[in-house]
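Database features, via TrEMBL:
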type	residues	note
COMPBIAS	1-10	compositional bias 'Polar residues'
REGION	1-33	region 'Disordered'
TRANSMEM	50-69	transmembrane segment
TRANSMEM	75-94	transmembrane segment
TRANSMEM	106-127	transmembrane segment
TRANSMEM	147-170	transmembrane segment
TRANSMEM	182-204	transmembrane segment
TRANSMEM	210-232	transmembrane segment
TRANSMEM	244-263	transmembrane segment
TRANSMEM	319-342	transmembrane segment
Amino acid sequence: MQKDTGSGDVSPSHVGRVRHRRRPNETATDGNRANGTVLLVSDQNKYKSMLIRTYSSLWMIGGFVFVVYMGHLYIWAMVVVIQIFMATELFNLLRRSSEEKQLPGFRLLNWHFFFTAMLFTYGRFLSRELVNTVTSDHLLYKLVSGLIKYQMFICYFLYIAGFVWFILTLKKKTYNYQFKQYAWTHMILLTVFAQSSFTVANIFEGMFWFLLPASLIVINDIAAYLFGFFLGRTPLIKLSPKKTWEGFIGASVTTIISAFLLANVMGHFQWLTCPRKDLSTGWLTCDPGSMFKPEHYFLGDWVPQWFPWKEVFLLPVQWHALALGLFASIIAPFGGFFASGFKRAFKIKVRTASLFFSLYRNTEVWRLYTVSL
């Protein structure tokens, strides 16, 4: 008997030719591609993403402003908390549960090195502030002074103890894993503390030198997103497909102008410009340095006759801010590209690491200032 194959068999040439009804958002996207103009604003899903980012940004900025209001010590505590959460994620990045079961207490060794590095870094940068805080108590002053005097020796001893601890935990079948973890731990510590130590130094030299670069990074990121959202057409870098030249250029101009204006506003608040010489949280007053004293500039023939202002008063630090804004708008975005490449390399979404890379870019901006002096 012959089987009726007229309706049951399908020709190979027709396999996969299943027609689907085109969705409205797909039609719009294809239309944009056909015209050669792919705008993020044309994607309806982006409006939802923009709303979520707006809410989260407002909450983060509000929390950050509150921490700044509380003072230098609280900002330092915020940096430390970010470091701890970030180190937790990075330590777990290359962790293998099968090997960890054979190495009880090995994870504790990572935190031993972490807090040793913290003691070494902050002990060097905050020794003066710590001594000035306990001057009223003679016994405590002598104890703290002695600890600071032998701080390098204590840190060296703790590191050697960790090294010996590591050697004693080596097991035959996990040599390769343990040495990889040892190297990964040191790389994390170098990346975390080498950069954040400069951030903490900024804070106690005057919150202005921390807040201005941090604000420029935030402004640059927001402006790049908005310009790219509404005007983005030309891809900037393959590592981040959503980054566009329009967003990059628009954010650069916005950041430089904002740097010049913000420096004038922040420079008039002693709470931001005065250095903190101890670890207290009281209000600060000081004699502002020469960079924060207004200087008179006569415009004269530089402006047309109808221009209402013939003379202006500017702070010298505003010219430094232009250099900071230029650096933040051109170089700092590459910190974001580095974070994107890092997350793609390990195929994860690291949350607190992204915060650290923001601190990293903030530190790089501050370094330009130290070089300019």
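Backbone N, Cα and C atoms are what each Cβ position is placed from, and that goes for glycine too.
What TrEMBL says about a protein is an automatic prediction, not a curated fact.
Small disclaimer: the values here were computed from a predicted structure and weren't measured.
Sequence-remote contacts of a segment are chain residues at least 6 beyond its ends whose Cβ falls under 8 Å from one of its Cβ atoms, and for the transmembrane segment (244-263) they are 212, 215-216, 219-221, 223-229, 231-236, 315, 317-318, 320-322, 324-326, 328-330, 333. If you look at the transmembrane segment (147-170), the same-chain residues 6 or more away from its ends with a CB under 8 A from one of its CBs are 103, 105-106, 109, 112-113, 116, 119-120, 123-124, 127, 130-131, 178, 182. Of the Cβ pairs linking the transmembrane segment (50-69) with the transmembrane segment (106-127) and spaced 6 or more residues apart, fewer than 3 are under 8 Å, so the two regions do not touch. Each of 75-94, 182-204, 210-232 was scored by its Cβ pairs under 8 Å to the transmembrane segment (106-127), and the highest score goes to 182-204.
Sequence-distant contacts of the transmembrane segment (182-204), counting only residues of its own chain at least 6 positions beyond either end whose CB sits under 8 Å from a CB of the stretch, comprise 72, 75-76, 79, 83, 86-87, 90-91, 93-94, 109-110, 113-114, 117-118, 120-122, 124-126, 129, 166, 210, 213, 275-277, 356, 359-360, 362-363, 366-367.
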